[in-house]
Amino acid sequence: MISKLKMPQPTVNIGMVGHVDHGKSTLTLALTGVKTDTHSEEIKRGISIKLGYADTPVYKCYDASGNPYYTRQPSENCELERVISIVDAPGHETLMATMLSGSALMNGALLVIAANEHCPQPQTREHLTALEIMGIKNIVIVQNKIDLVTRERALESYKEIKAFVKGSIAENAPIIPVSAYHNTNIDILFEAIEKYIPTPEYNEGSDPIMYIARSFDVNKPGTPIDQIKGGIIGGSLTQGSLKIGDEIEIVPGIQNTRGNKTVWTNVTTEVVSLMAGKYSYDMIKPGGLAAVGTKLDPFLTKGDAFTGRIAGYIGKVPPISFSMRLEAHLLKRVVGSDQELNVEPIRAKETLMFTVATANTVGVVSNVKGTDIEVSLKYPVAAFNGMRVAIGRRVLNRWRLIGYGVIESLE
């Protein structure tokens with residue numbers, strides 16, 4: 001049985017970002033008690049492939065001397081501060097698009113840097129640039145694996161980190177030394193999270209907008225027809241609220257072929273369950289990650305098929321767009337590669353990758369005028385004017401982050 005309303009809903013999403021194998025999933029486990037890399041291929045390869053997420057309560061407690069400390073496991077003299085959602089993003093270079101789509105849900109980030117490797121590693125640099133590009137300012141740097149190094153190396157690593165973040169969005173971010181494996185300094189990290197990553201102010205009175213990051217079929221093979229559950233969509237509300245019984249629309253919906261034409265049909269359904277972590281709710285508000293049970297055929301939602309879509313009230317979601325005009329802001333250098341390469345100007349007829357909220361789509365540049373670019377998209381997106389869009393280019397057989405654009409118009 002699912003316990004009902006045992007814990008308040010999470011109010012903030014915190015990204016876990018950094019280079020592959022620097023201990024992000026182990027740190028998520030230390031903070032939440034939840035193992036996020038449970039996908040079969042993730043266990044086999046030892047890396048995160050999909051976005052993982054886990055919730056944890058944060059308690060402020062007082063010891064016998066009256067000194068405060070923070071923990072997820074309360075004893076006497078403890079008060080619940082809030083519940084937080086951790087978004088565990090993959091650190092492997094081939095999975096940068098997944099990390100970027102996750103950044104659309106993040107209100108703050110933990111940048112994990114291993115003390116036993118030189119800083120910066122390629123994806124450390126790439127992920128920090130991604131945070132900068134997506135405007136995520138509330139950052140705590142976690143110097144992990146201090147149990148594997150000498151005191152001298154730990155201090156040297158600290159200096160490398162300070163030099164690396166100088167002049168960046170994380171220049172003044174606190175650096176917390178931890179051993180995620182041994183649960184060392186996790187209480188200090190919780191304290192830093194409470195101090196430096198505040199709960200945002202949400203517009204709960206608006207119509208709901210939910211960015212979908214995952215979608216599932218939770219039915220096991222052989223489930224009797226009368227016991228089959230509808231498709232599940234997972235993501236985060238950025239405004240408004242959703243309750244059981246609400247009729248919702250999902251855009252872009254389903255792709256069909258009619259004759260020689262591809263047609264996209266919006267999907268409508270009813271909310272039948274709402275969950276955050278292991279708890280069920282009658283209503284969810286913005287902040288944190290939630291799983292929304294629907295009456296959709298689970299075949300439609302299986303295998304993250306609805307990732308990148310937007311859900312909201314029927315008729316209150318943005319129309320789908322096959323082209324967009326962006327004001328482009330390019331980086332000076334390509335990040336994420338071992339080689340130092342300059343970012344060339346965007347050219348007409350060039351194919352680029354665009355991360356629009358949780359959606360990744362490829363588009364061809366149809367026109368360039370100064371910093372403005374017009375793009376025809378291979379797959380449509382649901383978006384709003386003014387949104388930031390990450391721009392990637394194929395460099396040395398990998399999609400690399402080259403800058404961002406601000407949406408000026410959509411068609």
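Numbering starts at 1 and runs along the chain as it is shown here.
Backbone N, Cα and C atoms are what each Cβ position is placed from, and that goes for glycine too.
Swiss-Prot lists region 'G4' at one of the ranges 144-147, 200-203, 268-271, 408-411, namely 144-147. Region 'G1' is the annotation Swiss-Prot gives to one range among 18-25, 234-241, and that range is 18-25. Note on Swiss-Prot: of 64-67, 88-91, 300-303, the range annotated with the feature region 'G3' is 88-91.
Ranges compared are 46-50, 76-80, 396-400, and Swiss-Prot records region 'G2' for 46-50. Separating the Cα atoms of ASN144 (GTP binding site) and ASP21 (Mg(2+) 2 binding site) is a whole-number distance of 11 Å. Taking H, G and I as helix, E and B as strand and the rest as coil, DSSP gives the region 'G4' (144-147) the counts 2 helix, 1 strand, 1 coil.
Broken down by DSSP into helix, strand and coil, the region 'G1' (18-25) contains 2 helix, 1 strand, 5 coil. Long-range Cβ neighbours of ILE146 (GTP binding site) (same chain, at least 6 residues apart, Cβ-Cβ under 8 Å): ALA115, ALA154, PRO177, VAL178, SER179, THR184. Most Cβ neighbours within 10 Å, among the binding-site residues SER25, ASN144, SER179: ASN144 holds that distinction in the structure as shown.
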